[in-house]
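Copied over from TrEMBL, here are the features:
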| type | residues | note |
| --- | --- | --- |
| TRANSMEM | 92-113 | transmembrane segment |
| TRANSMEM | 120-140 | transmembrane segment |
| TRANSMEM | 160-179 | transmembrane segment |
| TRANSMEM | 200-223 | transmembrane segment |
| TRANSMEM | 229-247 | transmembrane segment |
| TRANSMEM | 259-280 | transmembrane segment |
| TRANSMEM | 300-323 | transmembrane segment |
| TRANSMEM | 344-367 | transmembrane segment |
| TRANSMEM | 397-417 | transmembrane segment |
| TRANSMEM | 429-447 | transmembrane segment |
| TRANSMEM | 467-488 | transmembrane segment |
Amino acid sequence: MPYDSKLYEMGDVESLKNSSSTTYDKKLGAQLSQQEIFGDVSSHTSDDDAIVETKLSWINTFAAKLNTETKGIEPVTEEEQNDSSLLNAASMWFSANMVLAAFSIGGLGPMIYDLNFGTCVLVIVFFNILGLIPVAFFSLFGPEFGLRQMVLSRFLIGNVTARIFALINVVACVGWGIVNTVASSQLFNLLGENSGHRCPLWAGCIIIIGATVMVTFFGLKIIHTYEKYSWIPNFAVFLVIIARLKMSGNFSGGEWTHGPTTAGNVLSFGTAVFGFAAGWTTYASDYTVYMPKNTNKYKIFFSLVAGLSFPLFFCMILGAACARGAVNDPVWGQYYETNSMGGLTYAILVPNSLHGFGEFCCVILALSTVANNVPNMYTIALSAQALWTPFSKVPRVLWTLAGNGAALGISIAAVYYFDAFMEYFMDSIGYYLAIYISIALSEHLIYRRNSFKNYNVADWNDNSKLPIGIAGTCALIVAAFGVALGMCQSYWVGEISRLIGDNGGDIGFELGASWAFITYNVIRPFELKYFGR
C-alpha cells in the first residue's frame, strides 16, 4: 500500500507489516534502485504480451537506427534523465502557444461575446493564470518519477479513472489536431484569392499534418529542438500584424458595460480561455520526464509559468485587439464571418495592405499550427499506450503515425462538411480538464500530503497496488452532470447557466471542478479505509 505512514499513525501494525511499499517506508526505510523496480515489473510480462512485443520489436530497431525515441510509457530511469535544460521545458510551451489558435481564442471576446478590449484583457489574464498553473505544477512530477502524465494519473485519480481519461485524451488529441488543421487549411485557401490560384482545402490539411509527422516521428529530442525555435517567425508576423492594425486606424477599445448579460459573456469567454490554457494539463509531465530528478523544482515551475504566460497573454490580447478592428471595419468583419480569425488575419495583411509579403506572413501563421499540433500527436501515443496494457506493446512511432493519419482523414472531411461541429465538439470535451485538475490536486495535496515521498513508482503497472479509482470515477460522473447544468454553448444551454444574463453564462468548468472536488473527498476516505489504496 502507498500509505504506510498513514497506517502506522492509525496503529494498524498488521497492515504495516504487510505493506508493499518499497520506495518509501517510514519505519523500515526499505528502498530499491530503479533498476530493481523496473526489473520486477518487467518480470511479470505475460507470454502473450511478450509475443506481441517480439513481433513489433523490428519497428523499434528500425526507429533506433534513425535516432528516433523508442521509449514508451515505461518509467524513465535516472540514468536516462539527462536533459537539464530549463529552456527546453519552457520553450516547449512558448512555441506551442505562440500560434494562430491562441490568437483566434482572443478574437472570441469582441466578436462572439461583445466585450470591449479592456474587459477582454482582464478575462484573458485571469483565466489564463487559472489554466496554466496546473500545467506548470504537474510538470514537476516528470523529473521526480519519470512517469508520463496518463501513467502518473493512475496514482492521482485512480487506475480505472486514469484509463477513462486516457481514452478522452486520445479523442482530444485527435480532435484538437483536426480543429487546428482545418483553421490553417482555410487560411491557406485564401492565399492567391486575387490570382485565382488558391491552395485546395485538402492540400492545406496534407501540408499541416505532413509537417507534424516529420517532427513527432523522431520523438522528444527533435520536438524540443523544433519548439525551441519555431516561435521566432510566428512572433515576427504578429509584430507585423500589430503595425498594420495601428496603421489601419480600425482599433478602438469600446465602451465598458456591466450587468448580468456582461457577466454571462465574461464567464463564457473565460471558459474558452481557461480551456485553451489548461488543455496542456493532461500532457504536462510527458515533456519533463528526461529532466534530472534533482533539478530545482521552483526553477522548473517558474520557467514553465513564464513559457506559458507570455505567448498566451500576447496572442490572445492581440487577437482581441484585431477583433475590435473587425467590429469597426465592415470589410474586416466580412472576412471574419466567412473564414473566422484566419480570414481576419488575411484581411489585415493582404488586401490594401502588404499584398505578396502579407501572403507570405499568412503562410507562416498557417504553419504555426504545426507547433500546436506537435504536443497533441506526441502525447496521443502515450495516452493510447496507457489506455490498455496490450496497447503499450505497440511502439510509440506507430501510435504517432496512426494519430496523424486519423487527424488527416477526418480533417479533410471536416474542412468541407462539418468544421463547425468539430469546434462545438472540442469545446465540450474541454470541460473534462477542470474535473481532472480538481481530482488530481485533491489526491496529491490532501491524501498524499503534498509529498512526493508518498508515491511508490514500482506500482505504476501493478493493478493490485494502484488506487482502484472508485472515488475518481464517481467524481467524474457526478461532475459531468454539473457541467451539463452549467455549460453555455450554441447547441446546449444548461439550466443554471441560462439564468445568467440574456444570453446565459458558461459556468460548466466551475461546476464540474467543484462537484468533482466534493464527490471525490466524500468517497475517497471510504475507499482508503476499505481497500487501503
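Even glycines carry a Cβ here, placed using N, Cα and C.
Looking at which of 160-179, 300-323, 344-367, 397-417, 467-488 has the most CB pairs under 8 Å to the transmembrane segment (429-447), the answer is the stretch 467-488.
Among 120-140, 160-179, 300-323, 344-367, 467-488, 344-367 has the largest number of CB pairs under 8 A with the transmembrane segment (229-247). Within its own chain, the transmembrane segment (200-223) is flanked in space by residues 66-71, 92, 177, 180-182, 184-189, 287, 290, 366-367, 369-370, 373-375, 377-378, 396-397, 400-401, 404, 407-408, 411-412, 415-416, which lie at least six positions past its ends and keep a Cβ under 8 Å from the stretch. Two recorded stretches are said to be in contact when at least 3 C-beta pairs lie under 8 angstroms, sequence spacing 6 or more; the transmembrane segment (344-367) and the transmembrane segment (92-113) meet this definition. The recorded stretches the transmembrane segment (259-280) and the transmembrane segment (397-417) do not share 3+ CB pairs below 8 A when only pairs 6 or more apart in sequence are counted, and are therefore not in contact.
Beyond the ends of the transmembrane segment (120-140), by six or more residues, the same chain brings 89, 93, 106, 109-110, 149, 152, 266, 269-271, 273-281, 284-285, 287-288, 297, 300-302, 304-305, 308-309, 312-313, 316-317, 320, 433, 437, 440-441 to within a C-beta distance below 8 angstroms of the stretch. If you look at the transmembrane segment (92-113) against the transmembrane segment (300-323), you find at least three C-beta pairs under 8 angstroms, all six or more positions apart, and that counts as contact.
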